[in-house]
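Asker: Take this structure first; my questions come after.
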Amino acid sequence: MSTMFADTILIVFISICTALLAEGITWVLVYRTDKYKRLKAEVEKQSKKLEKKKETITESAGRQQKKKIERQEEKLKNNNRDLSMVRMKSMFAIGFCFTALMGMFNSIFDGRVVAKLPFVPLSYIQGLSHRNLLGEDYTDCSFIFLYILCTMSIRQVMFIYFLYILFLPYFCD
């Protein structure tokens, strides 16, 4: 087995592990906390309440009704902001971990061709796909380009899979 193929498999494995790590950090710091659960339930409740009020309101509704709806929208906006702040600490932790990991992996794979692309990338992508590689063969692929492609696709698949796992029990009674 060639070293290029082994490096490619290793990078795919690293992508899977880092995506799982990110999901795990997010679950620990966000999704399992009581604050997140409370805020999420509050946002859902307020959204439903606001939709009902908007459906029942007529165009000739008084200023009192419109003020109530505006206050409800303001509460919903504040709760959404609080929910985003709860998620923010997870984003910082993931960013810190990935910065450290990227530094380590960049030093390991620095200057190594890890894959051969079946195409010549667009000129504005060549800087990323050919990063830290010697030569002018732009079909050579660097670690960072393959890692980004793998991570983007793996995280999407994992997102869909976890949604399927989480919401399947609601549809199969």
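Heads up, residue numbers simply count up from 1 along the chain you see.
Note: Cβ is positioned from N, Cα and C throughout, glycine not excepted.
Just so it is clear, the model here is predicted, and its values are computed rather than measured.
Pulled these from TrEMBL:
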{"type": "TRANSMEM", "residues": "6-30", "note": "transmembrane segment"}
{"type": "COILED", "residues": "33-89", "note": "coiled coil"}
{"type": "TRANSMEM", "residues": "91-109", "note": "transmembrane segment"}
{"type": "TRANSMEM", "residues": "144-167", "note": "transmembrane segment"}
Asker: In terms of Cβ proximity under 8 Å, which residues at least six beyond the ends of the transmembrane segment (91-109) contact it?
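Answerer: Distal contacts: 7, 11, 14, 18, 21-22, 25-26, 29, 132, 142-144, 147.
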Asker: On the 0 to 100 pLDDT scale, where does the coiled coil (33-89) sit on average?
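Answerer: Computed over the coiled coil (33-89), the mean pLDDT is 85 on the 0 to 100 scale.
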